[in-house]
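Before any comments, here is the structure.
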Amino acid sequence: MRINPTTSGPGVSTLEERNLGRITQIIGPVLDVAFPPGKMPNIYNSLVVKGRDTVGQQINVTCEVQQLLGNNRIRAVAMSATDGLMRGMEVIDTGAPLSVPVGGSTLGRIFNVLGEPVDNLGPVDTCTTSPIHRSAPAFIQLDTKFSIFETGIKVVDLLAPYRRGGKIGLFGGAGVGKTVLIMELINNIAKAHGGVSVSGGVGERTREGNDLYMEMKESGVINEQNIAESKVALVYGQMNEPPGARMRVGLTALTMAEYFRDVNEQDVLLFIDNISRFVQAGSEVSALLGRMPSAVGYQPTLSTEMGSLQERITSTKEGSITSIQAVYVPADDLTDPAPATTFAHLDATTVLSRGLAAKGIYPAVDPLGSTSTMLQPRIVGEKHYETAQRVKQTSQRYKELQDIIAILGLDELSEEDRLTVARARKIERFLSQPFFVAEVFTGSPGKYVGLAETIRGFQLILSGELDGLPEQAFYLVGNIDEATAKAMNLEVESKLKK
């Protein structure tokens, strides 16, 4: 831990005594800087450019060293806009990597990539900071206990349960509901979760960051009256930020979460929305750094960059980090290098389907595409495992029959297949659920469904006890009792119409 040399406070006065260089080239967010012989900064060192632009405005840009070019020159990536910078400007080497505030005083606050508060609530009351670049915990320190993390979302808890202290990915293309699902998980887990949470907004909409902040305040997760009692720290590097900020803001959020795990020995929730923007930001600066592009134009260091971030998100004997990450899937292609590289690091994958979203089934989670390492009889129990497998088998059979139904119609199916299709359609609708965070859009109050209730509901559908109920009774309800009540209401309504 050290005093942060890149933010305002007692560390800044020492900057003037540091190593000085001069800008020799500026290409967008990438700067080339020349230093005196024998005074080259290290890779990942933080550099600060101070001065005035042509109209006299104060400039204060922080950069990170990426390459040593030879001839006493380095190449660095800026963490903020490079507008107004000129060749010949003085650059100060801080002599240390970018460091951000950590600890209890970060809770209830919003930070940028540099660890500077951006919520107009004054400076952060801490002198404890931590560098954003660290090595992952040693293998011997890791924790290997298996336990389920209940989310209250039926499709997730039944078919792809989340591991406490694991890494979870929400995969989906544009506009299928990743952010709504991650906000619902924050709502269901962070409120009920006794520990602390860190939320990293990486290259997403500023509006969504603002909505999340307002919702946290309304729910009491952020306590406005006594900020020290808050349960979450927010770190934002939104899509209007330069690629340097989007490339490093995930590490800033992770560094804050690691402190709670390692020093405070707490169980931490880490939400990252969206991990693909971290990859895209790296791709943006990769060519400017002179690297040859790899597959589909991505940076050749894609696997290394992803691995260095993901391997730090883990559970140790001191505490755990349970991370939930949204993963944007370009053009709905799961074989794209960005989602494909992310897959390898995850314990559970929740895949969102555009086909289900088009049908109006939300959350649009694909029951056959979503997977979890936790769905084993010895971990979840025989009853849960058996129910999940039967739901998947029924859904798979329905998928196989859809072409026949489209060409010949339902009447050409065997009696057994017709029954399978009817139950599969009920299952498909029962996997939908009204969300708390979507109440303003749907007008339906949100529902939290416990795991035992979820298993009971699907067992009743599979057993045939509810074959007589109309399939629309299962759409957007909580537990199975609500579905039977809705069926009775539909029956009463139809009688009144007659």
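Heads up, the Cβ atoms here are built off N, Cα and C, so glycines get one too.
Quantities reported herein were computed from a predicted structural model and do not represent experimental measurements.
According to Swiss-Prot, the protein has these features:
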BINDING   GLY172, GLY173, ALA174, GLY175, VAL176, GLY177, LYS178, THR179  ATP binding site
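Sorting the binding-site residues GLY172, GLY173, GLY175, GLY177 by the number of other Cβ atoms within 10 Å puts GLY172 first. For the binding-site residues ALA174, VAL176, the greatest number of Cβ atoms within 10 Å around a candidate Cβ is found at VAL176. Annotation note: GLY173 (ATP binding site) sits in a coil segment as assigned by DSSP.
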